[in-house]
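Structure record follows, encoded as structure tokens.
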């Protein structure tokens, strides 16, 4: 009996030890699992911060490939050192940007007087004019009360609305990450959180557009009608000039700005829409300076000195404009969207077409660049300006056909 009782007691002790060991193993596994979950959350949070940091650093944003964490931190340190060396925390938000002896109002007046333009703020979500300085009256003949709260798209020329919407868009501010699936070796579409697709303060914008000009009886400034075209006769243009809207070419220079703090990702999804709406374009609008200071003489016997005003254009093999630099607006008066799709022969002087046709034929046959003679190019006000161009044809290596012609145009005054 005693032996049997002893064996039973030993079995009970072994069962208790087994249960203790099992519970100990279970607790260890739970601790490891909890530790793994904590580490995963920590890594996810770190990756989120690294992605946010890379979206704010211009050097990281310019890279096409996905950067590792150490590279992002290194570029962030370099960017902060550069900002510290510039003397302000931010080129637009720094508190030391304004001299201490000037008030904000005085600084604004000095900037507007120096630029001979007007300051305006437009919301990027709906194009609403949030602010406009009173100096707009000297440029557009409209008062501050006329434009404040109105839609900017109602003031713009209809053909310029699409271009302006591109300038208000902030989609290019999203991180450019190209991930490759290790199994299929195909690019993987990554859903970037909308909170990361915000505006980086200081994203610069510079473009030309046409704004509606309020007519006045004593208006002596140069105007243009939205119904005028180079292909219409002067009779139709004169008859419609009094009835159509008047527009003025405005050069807009500024930057995109977001004035609200970025919300955390764990907040409600409906708050993302409010975050994207709180962004705006802060810009100064002014009349672009006229490069031309004299009219072109009837003959080109005496060649003037070259003026280093260059603009680039790209043409099809037939001579149609596929692209033109914005600097051309300062020279010829046409906006890029007005001249694209038209042939450059429409703007050449009749007496220069024969020589330019020979240059056109030559550039289609030789791989070297071809320099044209000094020729006359028709501007928007129907006057002529002297240009000289270097044409070079780009041939597709696969089809041996000419894809386009690159032109470097120099202004002669």
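Cβ coordinates come from backbone N, Cα and C, glycine included.
According to Swiss-Prot, the feature compositional bias 'Acidic residues' maps to 8-19.
Annotated compositional bias 'Basic and acidic residues' per Swiss-Prot: 20-41, in sequence order.
The annotation domain 'bHLH' is assigned in Swiss-Prot to 30-83 on the grounds of sequence analysis. The DSSP breakdown of the domain 'bHLH' (30-83) into helical (H, G, I), extended (E, B) and coil residues amounts to 47 helix, 0 strand, 7 coil.
Swiss-Prot lists 104-175 with the feature domain 'PAS 1'. Within the domain 'PAS 1' (104-175), the DSSP-based counts of helix, strand and coil residues read 41 helix, 14 strand, 17 coil.
Per Swiss-Prot, the feature domain 'PAS 2' maps to 297-367; the stated evidence is sequence analysis. Residue counts for the domain 'PAS 2' (297-367) under DSSP, split into helix (H, G, I), strand (E, B) and coil, are 26 helix, 17 strand, 28 coil.
Summarising the annotation, Swiss-Prot assigns domain 'PAC' to 372-413.
According to Swiss-Prot, the region 'Disordered' annotation covers 1-43 (among others).
Per Swiss-Prot, region 'Disordered' is recorded for 219-242 (among others).
Spatially close to residue 35 (site 'Interaction with E-box DNA') yet at least six residues away along the chain is no residue at all, judged by Cβ distances under 8 angstroms. As annotated by Swiss-Prot, site 'Interaction with E-box DNA' applies to 35 (among others), with the evidence given as similarity to another entry.
What Swiss-Prot records for 38 (among others) is site 'Interaction with E-box DNA'. Residue 38 (site 'Interaction with E-box DNA') has a Cβ environment of 10 other Cβ atoms inside 10 Å.
For 39 (among others), the entry in Swiss-Prot reads site 'Interaction with E-box DNA'. Within the same chain, no residue at least six positions away from residue 39 (site 'Interaction with E-box DNA') has a Cβ under 8 Å of its Cβ.
For residue 43 (site 'Interaction with E-box DNA'), no same-chain residue 6+ apart in sequence has a C-beta under 8 angstroms from its C-beta. Annotated site 'Interaction with E-box DNA' per Swiss-Prot: 43 (among others), in sequence order, evidence recorded as similarity to another entry.
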Confidence summary for the domain 'PAS 2' (297-367), mean pLDDT rounded:
81
